[in-house]
Amino acid sequence: MFDGYDSCSEDTSSSSSSDESEEEVAPLPSSLPIIKNNGQVYTYPDGKSGMATCEMCGMVGVRDAFYSKTKRFCSVSCSRSYSSNSKKASILARLQGKPPTKKSKVLQKQPLVAKLAAYAQYQATLQNQAKTKAAVPVEGFSWGNYINSNSFTAAPVTCFKHAPMGTCWGDIAEGVRVEVPNTDCSLPTKVFWIAGIVKLAGYNALLRYEGFENDSSLDFWCNICGSDIHPVGWCATSGKPLVPPRTIQHKYTNWKAFLVKRLTGAKTLPPDFSQKVSESMQYPFKTSMRVEVVDKTHLCRTRVAVVESVIGGRLRLVYEESEDKTDDFWCHMYSPLIHHIGWSRSIGHRFKRSDITKKQDGHFDAPPHLFMKVKEVDAAGEWFKEGMKLEAIDPLNLSAICVATIRKVLADGYLMIGIDGSEAADGSDWFCYHATSPSIFPVGFCEINMIELTPPRGYAKLPFKWFDYLRETDSIAAPVKLFNKEVPNHGFHVGMKLEAVDLMEPRLVCVATVTRIIHRLLRIHFDGWEDEYDQWVDCESPDLYPVGWCQLTGYQLQPPAPQSSRDSQSSSSKQKKKAKSQQYKGHKKMTSLQLKEELLDGEEYSFLQGTSDHESNGSASYYIKQEP
């Protein structure tokens, strides 16, 4: 495993192995692989390219030209000499500066050619980087610096089951060793060294090169799922050299013995880690698939949209009637807002008929099994009824939990809900939640959990009391037993950092913080913005991601407002808030007006209730997109 670490070393010292036997790294079934080594040193397998050091005479040469299956000796004589117990004398000769044997000298020509070729390639790479450097955008935000400078903690990857590696992250934690590129080196070729995880923040890890002990001067952050992060032993199997960092190269004369001592019993990544990362980033939704999705201008209905792109499981959907493809909507593939074609008809949900009479070439319906299922419910006995009161997250203002009413009971456990005091007469602003949705709550939920409940608009009898309101409206509360009371062991804690979708502008993924936890309900704050923009989100929402998710998937991350602009943000954000709230109110009025016009045109249909075997996940908050 550690053989060849000094084959491209910046000095002429070379260390010896303590034994010639070999041992494989065996992963443990229930945890990370443990590096086993009883003094043996791993060697490169036969046929792998790279440099090698003769264990007898110390000659450096091209591995393929070496003798024996294990490529440990430069010649037959060195192999025999090693077997005849003359190794000790040979090592002593090397330490005294004596030249190697004649038979091994012929191997010096090949490594020289290899090094010259590598250096030429290195110079070409530098020139290419110089040409393209201007085209690379400068990143103004670094998760590592942000976390280090403020001593923040990040939510672990295991909190996000829908994210890559969310269900197979395993025991990756502080102390795990990996092989990474050695940047503290002036060699023309790319070399590696072993580093240990000092701190984890989502996918990102703070690494320290082995041998630096308590010296943090060269610590660096990287994405543990990146292509340059490998389990210990990868260099040996891939023919890559391990070279100690230049800063500490003088500390030890026998680096192999040092690594054997430090790494024996330590944990490393599973050998198939990179394969698992790749597999977890394969998404079943493909471009040109047709789905039904909520109409962002009319909450009460759905429309047909086509998948335009897929990034990290997030879908950019373009409404089918959009000729220039600018009328779009972003959501995750596990969002409760998207359904298979025919879903609206099957449950009796409103649906806007498309102006397009037939499918466009290349478009095809997404298979129903791709959509997240909701729990089956038994509506035969006591069940939700029209007019029942409850508390619900307002999809037009996700920072508020409001007094709400069940306006219509659909099939398969779906409910149409309206916010009291702000409903349109025609129901154009009703929204659909499943009965098991974590975004609806029984009467009294906010009071019990000390959450501010938003009373109906215009309701003058404050403070709001449910008992008085139910009596005044001659209504009843929905039975508590009908609500979803399951609280998973989600692992979130107050103060944890993450990346979260701004559900009022769902194309944006922002730096965020968990500020409150009520059972399975999380209060998400967007760093750098005022609390008025906070949003209530379920702990299993597919719109929450670990730190480093944007970097891993190639999605653009929205950084927090810079410190320099926060002083001036107070007045500007108040103006934004005012404009935003007016947009919400105007949005509702516009929705009502547009719906009335379309009803007159006969373009809207309310299907009869039916049954469907394919349901959509109702675990995350319901939202609409606001146009910028």
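Every residue, even glycine, has its Cβ placed from backbone N, Cα and C.
All TrEMBL annotations are machine predictions without curation.
The compositional bias 'Low complexity' annotation in TrEMBL covers 1-18 (among others).
The feature region 'Disordered' is assigned by TrEMBL to 1-31 (among others).
TrEMBL lists 45-80 with the feature domain 'FCS-type'.
Taken from TrEMBL, the feature repeat 'MBT' covers 141-245 (among others).
Annotation source TrEMBL lists repeat 'MBT' at 253-349 (among others).
Residues or ranges marked as repeat 'MBT' in TrEMBL: 351-456 (among others). When pLDDT is averaged over the repeat 'MBT' (351-456), the result is 92.
Residues or ranges marked as repeat 'MBT' by TrEMBL: 464-560 (among others). Residue counts for the repeat 'MBT' (464-560) under DSSP, split into helix (H, G, I), strand (E, B) and coil, are 19 helix, 31 strand, 47 coil.
The region 'Disordered' annotation in TrEMBL covers 558-592 (among others).
According to TrEMBL, the compositional bias 'Low complexity' annotation covers 563-573 (among others).
If you look up TrEMBL, you'll see 574-590 marked as compositional bias 'Basic residues'.
Taken from TrEMBL, the feature region 'Disordered' covers 606-628 (among others).
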- Message: Below 8 Å between Cβ atoms, which of the listed ranges 141-245, 253-349, 351-456 makes the most pairs with the repeat 'MBT' (464-560)?
- Response: 141-245
